[in-house]
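Asker: Straight out of TrEMBL:
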type: DOMAIN; residues: 32-176; note: domain 'Peptidase M16 N-terminal'
type: DOMAIN; residues: 184-359; note: domain 'Peptidase M16 C-terminal'
type: DOMAIN; residues: 479-617; note: domain 'Peptidase M16 N-terminal'
type: DOMAIN; residues: 630-753; note: domain 'Peptidase M16 C-terminal'
Amino acid sequence: METRAVDACRPGLPESRGLQADVRTLPNGLSVVLLEDHHAPVVAMQTWVRFGSADEGPVVAGIAHVFEHMLFKGTERFPNGEIASLIEGAGGTVNAWTSYDETVYHVTLSSRFWETGFDVLSDAVLHSLFDADELAREKEVVLEELWRGKDNPDREISERLFQLTFTEHPYRRPVIGFEETVSKLSREDMLRVFKTWYVPNNMIFVAVGDFDTPTLMQAVEARFGALPAPELPTRPRSQEPLQSEPRISAFTFQAEMARIEFAFPGVASSDPNVPALDLLGDLMGNGYNSVLYTALKRKREIAHDVFAYSYTPLDRGMFSLGASCLPEHAPEVIRALLQQVRDTSSLAISDAALAAAKTRIISGFVHARETYQGIAEQLGRCTLTYNDPNYGERYVAAISAITLDDLRRIAAEFLDLQRANIAVLMPEGVPLPDRETVLAWMDKPGQTQVQPSYHYPITTDTAAQLSVIELSGNRKLIVQTDRKAPLVSVRAMLDGGQRVEPVDKAGLVRLLTTVWDRGTETRSASDIEHDIDRLGATFGAIGDRDSLQMSARFLKETFADGMELFFDVLTHPTFPEHEVTREQADQLRELDALKENRFAYAFQQFLATMYGQHPYSHLSLGRRADLETVSRDDLMAFHQALLQSHQTVFSVVGDITVDEVLPLFRQQAEAPQLGNGHIAPLTTPALSMPSESIEQVFEMEGQQTHIVWGFPTVTLHDPNRYALRLLDTILGGMGGRLFTELRDQKSLAYTVTTIDT
């Protein structure tokens, strides 16, 4: 289950991208949004209920989220446990999320079983029983989730910021509610809300995928059509008064890093300024060339992470920005953020930077079309928000038309320091900045003004449209055509990741993936970021236990240019010294903050116990003593050894054919930097597993206990790995035995999972 407390609408695709849904309204008010698409044998179905935490009332705060937990817990036709079993037995997934404005229930499964998915989903939203004993157990699970959040510094500062920004509106309450309200919820409360709000004229049904529209529409009418449409009550949403002076909250928390977050009163989703605020948020906080990243991280190196975004729910939202940093840098970061807010009214960016930001936002619509689940969410959200699932075209047109003067006007209007809400989280034992000091910084910028610079033999499977090409130098290319979106994704996978990491350089692989795209022999980091934005692309790198991977996604029309950039970054990185130093410091801070994530910390202790001196014995972050010694030369040597002496597999999937791909790869992938074997391959130390049971206990303050229990199993090449994968599925998941026993039946845990590695 998922709680979405900050869930800004990013609406559907523009018409030019071919997304035009069939929209109907039944006589009883049920909205039906259908998009038939036969590119994949999959159907995604969602029921959106226009009832979120802002509609509850303070006495039953959290009840919308409890519905999310309870709705799949049984009907007369489908007893508790059977819903998850039916969907997972059909190879599908079933889940839900809650936000301030809606609760959404969704099923994705093979189109062969769409009737099962529809039957289960519709029966749950119309006929759930809310058994009293089951409710009591599930409330314990919700309370576990709530207590778990109390150990999370990011959640804590987010809740404080919402309470500062919203003094009257119910957005000030956390979606999950409070311990005192959740614990008192009764079956009668659930039934009252169910009968009041879970009615056709307060619902949206969305389906996307491989179905026949008349057949599915007939099923919808048969299930929902005869239901009455009762009058909906007034929603208990108090209007938020206008803010006239800054509000500041500083507090300590069990954390390693400080967090500083600003919020300014924003707009509702119906406001015409939404696109401009979205674009301003992107320019300020998205990516290497963004305003905040440039000012606080690249130039000053005082922040660990930065962000900026516009949150636009149904009612008035907020514009937020902030940073995390070492505690000793917090005063400087606060002053720097204040200065950046002042500077936005005279924002100075190039035409190229503005165009790149627009491309990022617009291409995001195309990228979201990769899954039917993603399309369904866009359609549902835009129907809920704008009563128009095909709203995207208007939004894209608005983004395209925004000028720099528009952004300056918007910034001057909304980023007013007299209406700022500032939350500061400091680690325990660290002095807090007082209100008067922060107010003085608002009036007197001091010496922290920053003026950032912006520059901104072929084997073919015909049925699967898949081809495998053997390239020279221990390399292979796999191409699969998939026409459902005008996108092309590419990935290079190099054999050997953490497994071949030097034993005294733990964390090297993670650091390499972070700085891989920070410069080549012919491009700076800013050049690379600019090219990515210009191409409407996304880039990423990851190092796991057994591989090092670089991936990218391009619009079809920019694929050829994109591949030149991809191979340049893949084969010619320079790992600039200043970038390595900065990211190494960030990674060390993440290591120091590992205890903030209790599960990750517990899993790190388990790995060390299980694997001893083997490279598998640590998380990708590494170990502090080792990471401190990793140099640029170490990164260069490791990268060259993998590139030249280890197998590389390239995969290309998307709106493209093998004939279009192969010339580009023959030109780029035959480069001498790939697979020449001139460097000896990296080696892996012998693995020695424990010969008897070992138990380790680590005590920490907090609300949660995390238990990790593991067993030595098999290698990747052992045929028994498939049986283990099946066992993982049987034990894990919402329909799995562990979840059913420990959470559903006994309410002993919130999170129960299995991991087959």
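Using N, Cα and C of the backbone, Cβ positions are placed for all residues, glycine too.
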Asker: Within the domain 'Peptidase M16 C-terminal' (630-753), how many residues are helix, strand or coil going by DSSP?
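Answerer: Here the numbers are 45 helix, 7 strand, 72 coil.
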Asker: With DSSP, how much of the domain 'Peptidase M16 N-terminal' (32-176) is helix, how much strand and how much coil, in residues?
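Answerer: The breakdown for the domain 'Peptidase M16 N-terminal' (32-176) reads 73 helix, 29 strand, 43 coil.
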Asker: With DSSP as the yardstick, break the domain 'Peptidase M16 N-terminal' (479-617) down into helix, strand and coil residue counts.
Answerer: 73 helix, 31 strand, 35 coil
Asker: For the domain 'Peptidase M16 C-terminal' (630-753), what's the mean pLDDT in this predicted model?
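Answerer: Looking only at the domain 'Peptidase M16 C-terminal' (630-753), pLDDT averages out to 78.
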